[in-house]
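Asker: Sharing the record's features from TrEMBL:
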- 12-30: transmembrane segment (TRANSMEM)
- 105-124: transmembrane segment (TRANSMEM)
- 123-283: domain 'Lipase maturation factor 1/2 N-terminal' (DOMAIN)
- 130-149: transmembrane segment (TRANSMEM)
- 218-238: transmembrane segment (TRANSMEM)
- 250-277: transmembrane segment (TRANSMEM)
- 306-330: transmembrane segment (TRANSMEM)
- 355-376: transmembrane segment (TRANSMEM)
- 396-418: transmembrane segment (TRANSMEM)
- 430-540: domain 'Lipase maturation factor 1/2 C-terminal' (DOMAIN)
Amino acid sequence: MGETRLARHMFLWCLSAVYMFAFASVYVQIPGLYGNEGLLPARWMLRVSGKSVWEQLTDSPTLLWFGPRLGLDTQQCMELLSLSGALLSLAATAIPTLRDCRVYLVLWMLYLSLYQVGQVFLYFQWDNLLLEVGFLAILVAPMNMPWGWRLHAHDNMTFWLVRWLLFRLMFASGVVKLTSRCPTWWGLTAVTYHYETQCIPTPLAWFAHQLPVWFQKLSVVGTYVIEIGGPFLFFSPIRRHRLTAFYMQVLLQVLIILSGNYNFFNLLTIVLCFSLLDDEHVNFWLCRRTPREERSKSCLSSLQTLLSRFCLLVELAVYALLAYWTFLYFDLKVDWDKKSVSSKTAFTHFEFNRFLKLVTVPSIWIGVLSLTWEIVTAKFKSACLKGVFWRLWSTVHWAVFAVATASMFAISLVSSLYNIFKSTRLLDCEIEFMYKPGNVSRAPPVVTPHQPRLDWQMWFAALGPQTQSPWFSSLVHRLLQGKRDVIKLIQTDESQYPFSQQPPVYVRAHRYKYWFTAPKEDGSFPQRWWRRVYVEEFYPAVHLGNAFLEHMLAQHGLKVSSLNLQGRIVFSCNLLYCTLQCNYIFNRFLFIIYFLNVFIDLGCL
């Protein structure tokens, strides 16, 4: 692979922007989610146990342990960390010199600190992915030395880890669709449900849902090709294979962004795709002519010409083989009369499992060989430096980063939808959420890259009974109390919230099944975006002090017991009494010192 200096800069710049989106999105939701009167107060995750700071950090590595030592409670400390992360990532986006490995170390520690107490609202796949990508950025980003000299011999070697992470992410995303044995994925009809069963679809999702069924099934086939077949091109020695894989992956992510609000997830995946680029292609985007292009046009030997033609034949053969397998295993047939393409899975679950067993070991060896090539190339670059000191210093860097890269590769090897959308309804007067479907006449919003985490959890909660979502009882309890921070998670505009003047007396939740509406017979658009049908009661009608609500809160530890409250009151009284006693003794001590000074002064006179 050629030079990747510009590609790395793009990767670090875009990752800084993703960090900024993530921190800012969490910051505005902290009071309602993790505040002292939020749904899941974060202070419950940091119980005072008498352990030392080191033991606390070992049990739960988060900077929030230092909050009390700074005079901040847990909510204030979380807001400080998220705001600091947003500002620091914004600065790294704007100032190139701040894209330093130490800056990304700080950003990673800040987000990890929030993740440790985030509970169910921060335990999403993209939060884990951001932490993993952020850790790799520490290895990829340069360290600006005091004398301003930078080493780049190991850059391709560490940047390779980003490509390996992209391979694991995309290949696993494709494989899991088939290993789940979901009939919609095997029947290639998953996309016919996907657009209307997302958590928060976009307006374009409604139009995509109206596409013909044969096109929807063909898009599933394309998804399999991009996610299962495409990742093997990441490690091809032919440059155009990697560029083709790059555009395939970016195309898929852009289509997902246009049809669904998946916060920064797809943006972060596109950031990973920059590991497939080199400086020559980035310069092509920037309309710059590189010295390599000028040399290649002026002097091409016969051997180089022959080699380039051979690579072109291999490249075309791979594309032809990929197309042949696609037509064979998905039984693609073009119907020219109906102007459609029929498709179906022409393989069994047993055959797919056998395929996985066949490609698992070779894919690992492909990764090993690709990594070995990057390590050897980096060592050669280190040996070519001028000067004994710089050569030795570069060799030390190469050894350290080679061990780190190989270790990360080994660790990653070890570790390495069909949903029906529902809605909730509150007694007598429905409370409309800002983002998730509720009002059937309201158009779906566009909120990317922000993630409304309560709306997302409402989607997951509707997939099962309320007992599987303990936080829902806390939501009902806070709504009955009229807590403003929680209400802002539902509606920032108080005029849209029906109980802005007085909290509701009773609250219950109903489960609804939602579908997109269809165009009218004359082809015009309907007035409503959604249609829905009542399914069942999700949460019974409760009020403050209700036995069922109190039982659910106590069962899941979502309410401070009266015993703990009494103990806190007694402790506070004892602390106040001790303070008054100490103040009294201190004043008496000052009084005695004062009279001693007076007697000494009189004696001196």
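Each Cβ is built from the backbone N, Cα and C atoms, and glycine gets one as well.
Could you give the neighbours, burial and distances for every feature on this list?
Answerer: Beyond the transmembrane segment (12-30), the same-chain residues lying 6 or more positions past its ends with a Cβ under 8 Å from any Cβ of the stretch are 38, 75, 78-79, 82-83, 85-86, 89-90, 92-93, 96, 99, 104, 107, 110-111, 114, 118, 121-122, 127, 130, 133-134, 137, 140-141, 263-264, 267-268, 270-271, 274, 449-454, 489.
Here the transmembrane segment (105-124) has Cβ contacts under 8 Å with residues 19, 22-23, 26, 29, 33-34, 39-40, 42, 45-46, 60-64, 74, 78, 81-82, 84-85, 88-89, 92, 130-131, 134-135, 137-138, 451, 453-454, 456-457, 471 of the same chain, all six or more residues outside its ends.
Packing against the transmembrane segment (218-238) from elsewhere in the chain are residues 163, 166-167, 170-171, 173-175, 177-178, 185, 188-191, 244-245, 248-249, 251-252, 276, 311, 314-315, 318, 322, 325-326, 330, 332, 341, 343, 363, 366-367, 369-370: each is 6 or more residues past its ends and has a CB under 8 Å from a CB in it.
The list of residues near the transmembrane segment (306-330) in space but at least 6 beyond its ends in sequence, with Cβ under 8 angstroms from a Cβ of it, reads 188, 221, 224-225, 229, 233, 236, 238, 240-241, 244, 300, 343-347.
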Asker: Where does the mean pLDDT land for the domain 'Lipase maturation factor 1/2 N-terminal' (123-283)?
Answerer: 90
